[in-house]
Amino acid sequence: MATSLSSAPTQLRPSPSPSHHRLLHRSSLLPFPRRHHHRRRRCGALSIARASASAKDGVTVRRFPAAPTEGGRLAGVRKIMILGAGPIVIGQACEFDYSGTQACKALAEEGYEVVLVNSNPATIMTDPDLAHRTYIGPMTPPLVERIIAAERPDALLPTMGGQTALNLAVSLADSGALDRLGVRLIGASLPAIRAAEDRQLFKQAMDRIGLKTPPSGIGTTLEECISIAEDIGEFPLIVRPAFTLGGTGGGIAYNRAEFEDICRAGLAASHTQQVLVEKSLLGWKEYELEVMRDMADNVVIICSIENIDPMGVHTGDSITVAPAQTLTDKEYQRLRDYSVAIIREIGVECGGSNVQFAVNPADGEVMVIEMNPRVSRSSALASKATGFPIAKMAAKLSVGYTLDQIPNDITKKTPASFEPSIDYVVTKIPRFAFEKFPGSEPVLTTQMKSVGEAMALGRTFQESFQKAVRSLETGFAGWGCAPIKELDWDWEKLKYSLRVPNPDRIHAIYAAFKKGMRIQDIHEISFIDKWFLTELKELVDVEQFLISRGLDQLSKDDFYQVKRRGFSDTQIAFATSSSETDVRLRRLALEVAPTYKRVDTCAAEFEANTPYMYSSYEYECESVPTNKKKVLILGGGPNRIGQGIEFDYCCCHASFALREAGYETIMMNSNPETVSTDYDTSDRLYFEPLTVEDVTNVIDLERPDGIIVQFGGQTPLKLALPIQQYLEDKKLVSASGTGLVKIWGTSPDSIDAAEDRKRFNAILEELGIEQPKGGIARSESDALSIASEVGYPVVVRPSYVLGGRAMEIVYNDEKLIKYLATAVQVDPERPVLVDKYLIDAIEIDVDALADSVGNVVIGGIMEHIEQAGIHSGDSACSLPTRTVSAKCLDIIRSWTTKLAKRLNVCGLMNCQYAITTSGEVFLLEANPRASRTVPFVSKAIGHPLAKYASLVMSGVTLPELGYTQEVVPKHVSVKEAVLPFEKFQGCDILLGPEMRSTGEVMGIDYEFSGAFAKAQIAAGQKLPLNGTVFLSLNDLTKRHLAEIGRGFRELGFNIIATSGTAKVLQLEGIPVEPVLKIHEGRPNARDMLKNGQIQVMVITSSGDALDSKDGLQLRRLALAYKVPIITTVDGARATIDAIKSLKNKSIETLALQDYFQTTDASQNLQAAQSAS
């Protein structure tokens, strides 16, 4: 007879308490120490630290006088300008759309007129109905000053837009613009910003209140930095630039050469050409505290966060846990007192701040690392972890309210001055994209490199950790119980992966435990606290227990104990050699199902009015589903390259529209950065992994009328077929009783038809739609045969990808064979698509909208600036098109309409076309879902396409919406991609078919040249109006050289070029100065770049691989010296037009509302809501 988990004394055994269970081990039969499973403080007492508090531990505190107010509001303030964060970049992602959106709503709620400045069209905050005036364009001091002069706001709030907004505010103050225009800074004063961001001033402030900082010095030149390093006396050293984002330009130096390289980069990246050189605290533990202060000098601690990775890894790249788990209560109180003293000393009078500490695990010594005097990435995490809306509260504090005057939105009974108390554990794990940047080393340092993150909540650390791993969507259903590659590594390789921080270190820990390494040994190599390692070792022991049992031997109690440790059905299936379906059926037969707990800010001491849920395997369920009409919207999970904020934007619009139309909306997502996971975006929020198991659990509980899968990108689309199969098997009746639960919009079968190459080819042939010649290869010989038939170059990619993953243009058999062997491992189960690459073709993007009765409307037709072959997500594009003939546009409209009808699209569809130089049109791909261009198109045409699409899915027709024909605006909108190359040393910056951009900006003007110029400036590309241009074009593009050369000469630029390019220009009669290539001698192009003799570079490559070493070096050097670099001919043409526009006229600044003469671009929704 099988022994159960709960009955065998020689097996793993839980303690009686379900929420504080421990495991017993064979070896000791003693419970492992479980220190601070969660920290819970009572909500009853007013948890405010006041200035009258006496100094503790040698820490002194200061009081600042409160600003004058009018009944809780700042005197004389009626109109407020909010600065956004600009495009999504590494270190500054959609958490600032979340904070900016909260701030806009909070201030409008208080009756203020809000003016918003932001360059990112993919944000909710830039919707024209959120602020009274919305400016989408470059965020540079001169242009923002002109907007301030036009709008005349009374105050400027810079603390909601990350480092971008803070630096911009400092520049405006330093230039005297704010004083000249009578604008006051709110949220954080200029002295407070300087004291926190300026490394020297911060260090002095800490010295004044008796707090330690690491031994360090401030350098403004390389020579000063070297002198500081000599004074400190030993490597490794940490370099931290001032006024930068995500540790940009910083790093860890282990020797003199590395140190000098990092210092050069740091000085160039710093807003003030200042870096902090400090002694390394590698191996110390790192903690963060989120702090808020009001004008009456009340201070509350919102949340403590602990980094599992020790010091040396940027907190954005570290796995973090809230509340802190390994602090004693005395240690926590000490950090709390220090945080209060710091926020007062720095002078943040009203709003939130993030304070980071290092603690020596040997003796408890504490050092202060840094402080952010603004809403930060950690603030968003703390908000989602606790349910306390930090950004909203910070916005209200900035206009004079005190914490005890602001009600808690979740409880409705407590004020914001009650510190949140939580009875669960939150784990955040970052997501990386090193595979997108070949040549870059996957090592984590003080410079942030992650592109997204997933968060999970559980009653224990183990449960939340496993759910967070599952939420990452990197192929793991949890931690362990999988055939990971690290199990095959030798000891040296495994130890290296444990010692050197990297994205896969958690899997190396699993492999080390499986191979028999002890907790102490892993701790000594990795410096990860033994408490966390003990928790992880228990999970390995539970897995071993499962392996020793068959599925049918697991009792109900066994299931509960295993599920409470976060194990998914997939993991249990792997360990018990069964299938996920078998596990689910067995679990449900034993009546083991998750319950849902509420995030309520007060550990259940008060009733929560806002249903914000997470799952756990306990006995009481706090989710109370209704029998109203309702819709479940599946989000996009963690941000990644190819699937980012644009999809979250669509999910939010679906929730807004359907709530307005009378539906109860339920959001399910795992991304803490987003607006979709804000507590008030939907009627109910389930913060859960997006897997078949977790989604079907919510479906079983809620039984919604509809499920929306087409807005969250590839994540929910991959779930569509298994969810459809589940619904067909279960035949669940919706809670409202109006019919069966079903997937709304385009059917999963139609989605599959568009993704399956064979089915899709048959549909195109039936409709008479042309596509590039190509085929499906299931072996190397297949691929070579197809390439021979269609002719090189060819585009090769795996089927079912998003963001051009593993896509490449290859030019010969040798490169194709290498691609098949290294990039995709082609076989019959993993076919590869091989298509003819259309040289010099123009690429077109189309977003269309279709309803359930066959009406189709073109939302927008965009023309890419770069040629076909560069991923659409990395290419700039314009709307309307500028060079496409009416005939080609008619073909595109006809084919898009026919395809939407044939696929029975209900909702959004995106199509991509290529137009050859001879005017032939080819369809490249079609996606019956929301695309990443939907927010851009919506802003460009003044119609909220995602809102329309969600209403269409509910049964409203396009005529009922009043949206029946394509809108072609009089103005021109240009979208430009923002790329993160400066974060990935060693990788080339050439663009290709694999997407690598992290974000986007938008420029709007009545001429293309002006719109393109605005987009370039907004993306950080400084366009010079004169100087010297360096030209180096490869043989494929030299035929365009004369045109490009003449264009720059007509603008007054001098031209320098490498020998081959110079000869072509001289033959065309264009003046040019030849320059040596790097390998030809000196002075060469590299020397001229370093000497500041080159203002703009045009340098192309064949794109079949990294080109000559010279080209790679020059491109990387141009990036380091912030010289604009253009890598395509079409990009060079557009840049010439843009510079001409900038020379001929000043940049015009208009609000989005001015282009549409309305303050609400979604007014057509009124008819739809009444119709539905």
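Glycine too: its Cβ is placed from the backbone N, Cα and C atoms.
Swiss-Prot lists R797, K836, L838, E843, G869, I870, H871, S872, Q912 as ATP 2-binding residues, and of the candidates E789, E814, E925 the one it assigns to that same site is E925. Of the listed binding-site residues, namely R199, K279, the sparsest CB environment within 10 A is found at K279. K279 (ATP 1 binding site) sits 52 Å from N927 (Mg(2+) 4 binding site), taking the CA atoms of both as reference points. Closest by Cα distance to Q356 (ATP 1 binding site), from the binding-site residues E370, N372, E925, N927, is E370.
In this view, the densest Cβ surroundings among the binding-site residues E286, E925 belong to E286, judged by other Cβ atoms lying within 10 Å. By neighbour count, meaning other C-beta atoms within 10 Å, the densest spot among the binding-site residues Q356, N372, Q912, N927 is N372. Q912 (Mg(2+) 3 binding site) sits 40 Å from V313 (ATP 1 binding site), taking the Cα positions as reference. Across the region 'Oligomerization domain' (474-623), DSSP helix (H, G, I), strand (E, B) and coil residues number 77 helix, 10 strand, 63 coil. Cα proximity to E370 (Mg(2+) 2 binding site) (within 10 Å) is found for the following binding-site residues from R199, E286, E925, N927: R199.
In the domain 'MGS-like' (1021-1162), helix, strand and coil residues by DSSP number 64 helix, 19 strand, 59 coil. Around V313 (ATP 1 binding site), the same-chain residues at least 6 positions away in sequence with a Cβ under 8 Å from its Cβ are N307, L444, T445, T446, P501.
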